[in-house]
Amino acid sequence: MAAKKTATSSATAIPGSGGATPARSSTPTPATMTAKASKSSGSSPNDMVQKVIKYYINTTGPRTNLIDVFLVFLVVNGAVQFLYCIIAGNYPFNAFLAGFCATVGQFVLTASLRIQTQEANKNDFPSVSPERAFADYVVCSLILHFFCVNFIN
Amino acid sequence: MDLFAEGAKGQNARTLFRAVILCFIAAAAISSRLFSVILDPWFNFRATKYLVANGFYQFWDWFDDRTWHPLGRVTGGTLYPGLMVTSGIIYHALRAVSIPVDIRNICVLLAPAFSGLTAFASYILTNEMVTSPSAGLLAAIFMGIAPGYISRSVAGSYDNEAIAIFLLVITYAMWIKALKQGSMLYGALCALFYGYMVASWGGYAFITNLISLHAFVLLAMGRFSSRLYVSYTTWYALGTLASMQIPFVGFLPVKTSEHMPALGVFGLLQLVGFIEYLNFAVPGRRWFFYGCLFGSVLLGFFGLVALTASGVIAPWSGRFYSLWDTGYAKIHIPIIASVSEHQPTAWPAFFFDLNMLIWLFPAGVYFCYKQLKDEHVFVVVYALTASYFAGVMVRLMLTLTPIICVSAAIAVSKMLDTYLDMDSPDPDDYPMEEAPESSKKKKPFEEKEEKPVGIFGLISKGIVVGGMTVYLLLFVLHCTWVTSNAYSSPSVVLASRMPDGSQHIIDDYREAYQWLRQNTREDAKIMAWWDYGYQIGGMADRPTLVDNNTWNNTHIATVGKAMSSREEVSYPIMRQHEVDYVLIVFGGLLGYSGDDINKFLWMVRIAEGIWPDEVKERDFFTPRGEYRVDAGATDTMKNSLMYKMSYYNYNSLFPPGQAQDRVRGVKLPEQGPTLNTVEEAFTSENWIIRIYKVKDLDNVGRDHASAVAFEKGHKKKKQTSKRGPRSLRVE
């Protein structure tokens, strides 16, 4: 998710399209444009990263950006904890595990929320409205943090 | 069943009918478990009493010094507390609404109550598989009365499995619901039930691995969906945390190989999810991405191998290997192989425990395979793995029973739905060749559409439905018979039939435990084989050396060594462990085959595992490889403490030279064994339990053998007159 900086500039994009699934039926126009472009141009990794960024900017709405910023924060947070564990040792293993699990758990829950709130994924989740998704998210996060606090010693 | 629902008009009436039927099924499930009520697993009961008396935190820190003497056992940290906490909560809840009820009654009735809930859970699970509601009801009734499950949940069978099977089924039901709807909430519910399951039964690893296997199979079939991502990751993140709350499990989910598949699939799903996103962003590079995926999977795999090799992650345990190689446990961990529940299942057991369900089972799996949606893949995966495991170990029949009930119910309901449909279909509506091209184009793993099936003749309908009804009735009869005959007899009380057909109760165990309770000191240590440890602790309330929680193999081997060695070797061992009494089970007089002489070889094997130089299994067999107890027995056998204690004074029951062992069906040598270091303290009515007192050191410093010889020289006459031929008391 290399979108931390570009989050503000994409406010004009079509809100809430795209997402992490292969729901091809509802591909929005920007995606098809990039698709055509990708065939013609070269295939260096640099190009690809640029394409992904472009696609992201074009297809992601501001709310989703907010979620993504949180996701990036969680990834960084988890990485820092893991580094600390490697460098400084895992002495209070309970505490490390609780912290790391909280980060990972929050990450997957947030990712799930992001998936469920995408327009493109409507077909996959006929029974989950965005509001319901958010309510589920809150409940699950509460459970997660309850367990973590209990485990942290 | 379905007819009633059909007859009632309107959705509400049907729902009501369904609810009423479910209640009846639950009632039937509970009442069929009440044939006899005797509390059996004593340890759980003891633990529950401790929990209720001392509160939760005390229970957590409970150190039990009355078992595993002299080691003791950190009970709070080494048990699965789910069962005790459940009954504790029920107890306090009933108190709160001022229904004073004894904790013992709760313990006795917990298993039947939960079996009612299991029936309901299998209703939910089956309803996720098929659209026809009758299948769910059938699954519920099957689950309610299938002997394979009743065997572990009769009233009084207060064991972990009593609640674990309910949790198993409901966890799977929640998992399927979560997967179908892609709902975080159901994923979280699934994780909570999973956590409860972890708190209750060591078999939770089956859930961990089956769910991850299901997810992996779906991935391998190219069926990644965001629903799968949402449900699996929610379940795993919350479920793992929940499972780590149990002290006994602790860090195991991140430190042992048994839990690694779940973690691996979790990581895999993250990668696949990310790649699907990239794929969407940059089309046309699919193979490149999948190459990266494959590379990272390989990397992860080798990382895992390296971590295992370096000892960060514990390798697969012996219990795991024994599932794949049935001979493994016998060689490396005899303690596991010696448990009767861990033997491979005999074929008749399947028919005995499941009757007609066993042949309906493949049909149900076939119907699932025909549709092959995500949830049907689960049935197929579950069926395959559980059938294998049930074949390896008798005990795992329990995990197979739910899926058998579900798929048999699917098969039966499919059949009844087809044949009970009153209006015959019009042949013109269904042309025989229905677009063959389109069906050929389908990929092998795509979901398939169903073609409607109809039956034309009334006669064929009648025959099939009638036949099915007869089978169902026979099944109910079989279940009732099995339950009342095979599974309702507790192990401490044996029932036999007198020649005139009246029932005769053999109550030697309780007689002996009562004797211990009344005639020995409060802290007299009892040495017995571990099978009887919980019973001695619970019923006689005396400390034991080893018990059914077989956590310390060496300690058990010590007892095995003491039993299988010569008296001169055994006596120091018993002195060191402060043994006051030795309790053995002997069935020779009555023909009770579950006695210690028949278990003796396991004691020898377990002892041999620790002291291969001092105890040798080969020495207990004759040169021709026979295991004999009569005059032809080997010297090692004849001199072993167990043999001597079993047959000590046994001759006096019979006319000279006529002593007979009715289990082994052999005549015993005329001269019975002599005992020097222990003396007979108690023998129960039918000689099933014999208790010996370990003698103190001799007053004048002789060794026991010479002391006994000395005494015999003087008191030969008195000895015989005191102990005349014993006659068998008959009621």
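Count begins at 1; order follows the chain as displayed.
Every residue, even glycine, has its Cβ placed from backbone N, Cα and C.
Annotated features, as they stand in TrEMBL:
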- B:713-731: compositional bias 'Basic residues' (COMPBIAS)
- B:18-408: domain 'Oligosaccharyl transferase STT3 N-terminal' (DOMAIN)
- B:525-575: domain 'STT3/PglB/AglB core' (DOMAIN)
- B:708-731: region 'Disordered' (REGION)
- B:16-39: transmembrane segment (TRANSMEM)
- B:78-94: transmembrane segment (TRANSMEM)
- B:106-125: transmembrane segment (TRANSMEM)
- B:131-150: transmembrane segment (TRANSMEM)
- B:162-178: transmembrane segment (TRANSMEM)
- B:198-221: transmembrane segment (TRANSMEM)
- B:233-254: transmembrane segment (TRANSMEM)
- B:260-280: transmembrane segment (TRANSMEM)
- B:287-314: transmembrane segment (TRANSMEM)
- B:349-369: transmembrane segment (TRANSMEM)
- B:381-412: transmembrane segment (TRANSMEM)
- B:453-477: transmembrane segment (TRANSMEM)
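Here the domain 'Oligosaccharyl transferase STT3 N-terminal' (B:18-408) has a mean pLDDT of 89 out of 100.
By the Cβ criterion (under 8 Å, sequence separation of 6 or more), the transmembrane segment (B:106-125) is in contact with the transmembrane segment (B:162-178), since 3+ such pairs are found.
Here the transmembrane segment (B:131-150) has long-range neighbours at 1-2, 5, 14, 18, 21-22, 25-26, 28-29, 32-33, 115-116, 118-120, 122-125, 165, 169, 352-355, 357, 397-398, 400-402, 404-406, 408-410, 412-414, 416-417, 475-476, 478-480, 482-483, 486-487, meaning same-chain residues at least 6 beyond its ends whose C-beta is under 8 angstroms from one of its own.
Remote same-chain partners of the transmembrane segment (B:78-94), defined as residues 6 or more beyond its termini with a Cβ less than 8 Å from a stretch Cβ, comprise 44, 47-48, 51-52, 56, 59-60, 100-101, 103, 106-107, 110, 158-160, 162-164, 167, 196-202, 246, 248, 549, 551.
At the 8 Å Cβ cutoff, the transmembrane segment (B:349-369) and the transmembrane segment (B:381-412) share at least 3 close pairs (sequence separation 6 or more) and count as touching. Sequence-distant contacts of the transmembrane segment (B:16-39) (same chain, at least 6 residues past either end, Cβ-Cβ under 8 Å): 1, 4-5, 8, 45, 104, 107-108, 111-113, 115-120, 123, 133, 137, 140-141, 143-145, 150, 153-156, 158, 479-480, 483-484, 488-490, 492-493. Sequence-remote contacts of a segment are chain residues at least 6 beyond its ends whose Cβ falls under 8 Å from one of its Cβ atoms, and for the transmembrane segment (B:381-412) they are 118, 122, 125-126, 129-130, 135-136, 138-139, 142-143, 146, 148-149, 151-152, 161, 165, 168-169, 172, 203, 206, 210, 213-214, 217, 323, 326, 340-345, 349-350, 353-354, 356-358, 360-361, 363-368, 468, 472. For the domain 'STT3/PglB/AglB core' (B:525-575), the DSSP-based tally of helix, strand and coil residues reads 32 helix, 5 strand, 14 coil. Sequence-distant contacts of the transmembrane segment (B:287-314), counting only residues of its own chain at least 6 positions beyond either end whose CB sits under 8 Å from a CB of the stretch, comprise 255-257, 260, 264, 267-268, 271-272, 275, 278-279. Sequence-distant contacts of the transmembrane segment (B:233-254) (same chain, six or more residues past either end, CB-CB distance under 8 Å): 60, 76-81, 175, 178, 184, 187-188, 190-192, 194-195, 198-199, 204, 208, 211-212, 262-263, 265-266, 269-270. Listed as Cβ neighbours of the transmembrane segment (B:162-178) (distance under 8 Å, sequence separation of 6 or more from its ends, same chain) are residues 82-83, 86, 110-111, 114-115, 117-118, 121-122, 124-125, 128-129, 143, 149, 152-153, 184, 186-187, 189-190, 193-194, 196-197, 200-201, 203, 206-207, 210-211, 214, 230-231, 234-235, 375, 378, 382, 398-399, 401-402.
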